[in-house]
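K.L.:
Sharing a structure here in structure tokens format.
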């Protein structure tokens, strides 16, 4: 196979006369000597003046395809060009600058006279003339250059369209049913509207490509059903400023409903609406306008005016067929195969430009007109001094304004304005006439909207006109900003200005003006504002409005929300409704879920948009549902893939044993099939189709429950780097113009490279320096950008820290822990889409010191990198990470112990009186009359106090002990007295009792021996039997007793010197009532034990024992017993919760007062349920977690039939002995699925 390369030398073979220039320094320095490696003459070209007005032009003789340029300095000299630009044209008029990455590109040139610098053009130039524009040069010498252009020949048939002629390409058959299309053409025009191609069929199919306001619109309809003609219509717009009289290339590729629409190397991919795949066209397809046979409804659209070349339609070269007269061109008045030259000569102004032109002086009539295009809302269009005063025409907030100042009448000022939104980049015309005693302003030729105003005196022109700016130092200097944009068709005194004569210096003068060129750039096409952000622009830059998108940043790239409920939990937030964005900066929009954080694991619940018990009607003979990959599934809740049964079919209890679903029984009564769908790879349910319901009396209803996901594996996906030389490597990835990276890390090391990419052209690097600095560096073109953030606290403290880095076309941002941020504007050029040719290294691979520690949740451009899986096969790196408690252990409250887990952590509440994920949930119970809870300590088995003995169940049970200090904490509420709250007995006569006396006051009784009567503490100042919750904390250390009630200050008491300090052989704890053998203080029994405590007790804890919790948690094997009725309750005690901020001020919390997420929910639901379709489905707007999760859907559908109903059964199901056997026969892998479904998945 022979490959043809476009690498011919284009400049060197040309004659001397093909090179021209703005000027020549001297003989021997002519343009014709500017050939690469040549030494003739003075060894290259040098202009007379060394400034930015110089140029070197190469005439290639005909249109060529230029793919690269090579430059040298002038031979053996100090003259070279260090920066330059390229212009190109077919006609030596209307020059176009070479653009790259949406900017006028500046090439890096030479640094000496002999070195060769080559640049491959990102996009080939098709032109006859090339202009080389020096921008910077040698500081030791002057401008000097030798160059070569590489490329190849280019030829194509060109056809000129005058607005009348239309090419009609007739098909070989009357009707064409096409599944695949490839259409390509190039066009050039100065008209902003016109039809480029059109084809249609009698069934309503059509394809149309047309210019609308200088943008290209492709419209396709592959067919619509009987319910609405607009269903199949699809329209896509691309490009901007296409009326610039330059060539633009278009390629349309369609296969069925998938379309690639490419305009000037920018491709949009989309899928057509509707359900049909074929484009049905009748008779013909036309180019340049609508065919004569077009339907009347297609009228009102203008034909194309301009040139086309290279028209191909599905392999047929239309332009060649036209030249050979094989195609109908009868509508052309004069068919020509060349492109006529435009009469317009644009002028390009920057912020320091002006053009000064002469006009008639001392005339009583002023007439000026011009056309302009710009993005700036303000700017000076024209200024002229009068004999007495001045006239100024400018743009003010997008309107054309005229200011006339007449000094003869005491500075009489006249203001008129017209138009609006004229800074839209389109060409707009302005015409100002002032004569006799009035002035007229007309915008865009709209005579009906002409603005007239009276002039108090006769004007007298000054004869000099300034366009674009006015920089003369006079008292009449304009206050307007300079104009940035393009002008053409400048008329003074009704005469068109000859700009070629201006360029040659015959008339007028100019400064920093580019003649024969309009270098306007639409910075919003393509739109760099992501996620439907709205783009606006000025001449120099663009900005994005991200409101209502759910994203933020300069290009709306960064999500405002966390990736999952798991992440919200570890920010200390409580259960509730939140917006989450699992793929971050990815394409899936944020959506609202309910987060349940009451357990150790976090559950995420997403509701669908289908109402319960939705009635459905259809004529399809079977029923199925559509899952994740748009595949049909015929198994139902309680069943699994390949079984095609309902749960009753597996359990052998269906209404009709002949069928495997209740709804197949064909009865006149309602029957239902319900159950859970747990096969993760098929979820979520996107659509449910219920068939066989179209007969009279046949009816079905369907209910789809919420999607439930457990945890977030991505959030805890971690790896441990055990050596500074260890690293993980991943395949190269392609970045976009925006790239974001985020991860968590913890380390005890002061230095280390987190990740880097060593591409051949691109570089990206993030590292830790000095234990407190994060450094982010990357390449943009030839420039390296570096950002750093310094933390006020050490980062090598073995705690988790988060790094977020982003670069886009506008800025680069580095953020640490969501608080410390560094920002830097991006360089103006060099933003190609990142091509990473090497692998991405997590850690260091280039001899630097790699990261030492743990890293988790690594995301790049919304995609999670699986550190754990890669670590399993990489030496020096271990999957997972320990030590989460150092960062999150403070969330375990009330004595709860943080327990490390492989992925994450949990709070052990077993030694507390609390429950819940953070040990903050009260455990309490309501005591009826006579109810008591008894907790017994095991007999002492050793000499050590506070000894614990392991029971057979593995639960540690404290043994009897001699205590010199103890702590008793509990809460209660009651309205009845007297009663015993807590009584702690011993095998001796020692005891501790807390009772309520008859008057509702609290009494604490200590009997430790040595005293005739127990030591009592009476709290007489308040009645605590008032039905309100109260808390009690009693702490003893030897003789000192500290008592705190509710939130009152602590009171301190001291046991008498004669009292013993040891609580001997603690035996039992009684709550609510005492039922004890042996000798008991008779006062306790007589005064407080009958009828017993009635009310609520909670949070009961004696040292490390929680007796009430043990009684209420039946799963705990502890020596506790309950007599009477005990109802679980938290007794109204104030729960201890983790609340970093109030929900009212929490922007993440949906119920926050005044916190409204601006995301448009109406848009999110568009296209959800197709009410015109016979299929009624529940479409779930849901991102698919690319992580391991268990998803639960409840599907309930009920039928009532008159006729028979069929369900496709699994092959082999009839012969299977049981449901499990049927599963194995049809899907051997499903055994694993059933096993997995029984597990709790933490993802």
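Placement of Cβ uses the backbone N, Cα and C atoms for every residue, glycine included.
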K.L.:
Given the ranges 1152-1173, 1174-1195, 1196-1217, which one is assigned the annotation transmembrane segment in TrEMBL?
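P.N.:
My reading of TrEMBL: the transmembrane segment range is 1174-1195.
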K.L.:
Does the domain 'Laminin G' (717-881) reach the domain 'Laminin G' (942-1131) with at least 3 CB pairs under 8 A, where each pair is 6 or more residues apart?
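P.N.:
These two segments do not touch.
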K.L.:
Average the per-residue pLDDT over the domain 'Fibrinogen C-terminal' (556-608) and send me the rounded value.
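P.N.:
Residues in the domain 'Fibrinogen C-terminal' (556-608) carry a mean pLDDT of 90 in this prediction.
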K.L.:
Using a Cβ cut-off of under 8 Å, list the residues of the same chain at least 6 residues beyond the domain 'EGF-like' (882-920) that approach it.
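P.N.:
Residues 569-570, 572, 597-600, 713, 716-718, 720, 746, 798-800, 854, 955, 969-970, 1098-1101, 1104, 1106, 1108-1109, 1135-1138, 1242 contact the domain 'EGF-like' (882-920) from elsewhere in the chain.
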K.L.:
Which of the listed disulfide-bonded residues (854, 881) has the least company, meaning the fewest other Cβ atoms within 10 Å of its Cβ?
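P.N.:
Sparsest of the disulfide-bonded residues 854, 881 by Cβ contacts within 10 Å: 854.
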K.L.:
What does the DSSP secondary structure composition of the domain 'Fibrinogen C-terminal' (556-608) look like, as residue counts for helix, strand and coil?
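P.N.:
When I sort the residues of the domain 'Fibrinogen C-terminal' (556-608) into the three classes, I find 5 helix, 17 strand, 31 coil.
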K.L.:
Mind checking how the domain 'EGF-like' (882-920) divides into helix, strand and coil residues in DSSP?
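P.N.:
Computed counts for the domain 'EGF-like' (882-920) are 7 helix, 12 strand, 20 coil.
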